[in-house]
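Scroll down for the structure; my scribbles are underneath it.
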Amino acid sequence: YGKEHNFILLGLFPEFQYHSIVLNFMIIIIYILAFLGNILLIVLIWGDSRLHTPMYILLSQLSLIDLTLTSTIVPKMASNFFTGKRTISWIGCGTQSFFFLMLGMSECLILTLMAYDRYVAVCHPLRYPTIMSPRFCMHMVLSCWIGGSISSFIHTVYPMHFPICGSREIHHFFCEVPVLIKLSCEDTSVYQLVVVVTSIVLLVVPFSLITVSYTLIFLAVFRMSSVKGRKKTLATCSSHLTVVSLFFGPNIFIYMTFTSSHSAEQDQALSVFSNILTPMLNPLIYSLRNKEVVAALRKLMGKCVIF
């Protein structure tokens with residue numbers, strides 16, 4: 001594919017102005033903080049044997065997804081803005097779309113699995129080691145990645161072959177399915193309906209399972225006699241529920257409504273919040289409210305000081 005097949009990413013800030021430069025630098029700083037925060041969380045979890053439990057293994061997978069997701073989007077966006085070359089090749093656009101979808105779908109499934117892990121831990125504590133065995137946990141994690149990859153491949157290859165008759169300008173800062181659909185000169189209403197149905201399966205069903213899990217958890221918590229145990233459980237659950245809200249809220253709006261019903265500016269604002277800001281917040285949400293993670297951090301800092 002030659003230059004005529006390239007796409008033009010207009011980005012968040014089409015004009016190279018002072019406020020645009022400042023905002024881009026802010027996004028780059030947020031990206032660096034998100035990258036370092038998630039790397040640190042992964043190192044803490046895999047470096048401390050006390051954190052080798054299903055809950056923390058799943059949390060490390062969430063961090064891996066977040067740092068990969070931001071790395072799929074921000075470096076290309078920053079490069080395009082500061083070099084002035086806003087083009088992205090057909091293959092590059094497809095690759096970016098594939099990884100973005102794969103990571104998003106995998107995160108959706110990982111969050112659901114994390115809710116199930118908390119449900120088993122709170123409602124069936126005696127059976128927890130048997131149900132959430134390391135082998136079962138790794139199989140489920142692998143299933144999340146494979147499921148996300150297969151679904152993403154289908155939803156990347158199909159829309160990439162829609163004919164584009166007019167402008168190849170993408171009113172976004174990265175390639176994803178909704179913005180690619182808008183460029184097509186074909187009637188894509190049937191495929192948009194397929195996207196909405198798929199989103200119901202991959203967003204509403206997991207969100208419903210998470211809601212049911214936490215309803216049962218809260219009922220079990222209110223029956224607890226120990227105030228200390230109740231507070232510890234609620235602290236852990238509140239962290240996960242915050243991350244769930246930050247993930248599902250924007251994505252349900254973007255993917256479960258027809259692309260014509262919301263503007264490019266709305267999509268971009270929600271994408272910045274969901275895919276750049278949230279990955280920075282996730283390590284903070286989990287570490288500040290979690291004594292085990294804080295203890296692992298202090299242990300690591302102690303080793304660094306001694307070294």
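Using N, Cα and C of the backbone, Cβ positions are placed for all residues, glycine too.
Unlike curated records, TrEMBL annotations are generated automatically.
The transmembrane segment annotation in TrEMBL covers 20-44, 56-78, 98-116, 136-158, 190-222, 234-258, 270-288. Marked as domain 'G-protein coupled receptors family 1 profile' by TrEMBL: 37-286.
Sequence-distant contacts of the transmembrane segment (190-222), counting only residues of its own chain at least 6 positions beyond either end whose CB sits under 8 Å from a CB of the stretch, comprise 105, 108-109, 111-112, 115-116, 118-119, 122-123, 151, 155, 158-159, 162, 177-178, 181, 230, 233-234, 237, 241, 244, 248, 251-252, 255-259. For the transmembrane segment (98-116), the partner stretch with the most Cβ pairs below 8 Å, chosen from 20-44, 56-78, 136-158, 234-258, 270-288, is 136-158. Averaged across the domain 'G-protein coupled receptors family 1 profile' (37-286), the predicted model reaches a pLDDT of 84.
Residues of the same chain lying 6 or more positions beyond the ends of the transmembrane segment (234-258) and with a Cβ under 8 Å from any Cβ of it are 55, 62, 104, 107-108, 111, 114-115, 118, 122, 178, 189, 192, 195-196, 199-200, 203-204, 207, 210, 214, 217-218, 221, 266-267, 270-271, 273-274, 278, 281-282, 285-286, 289-290.
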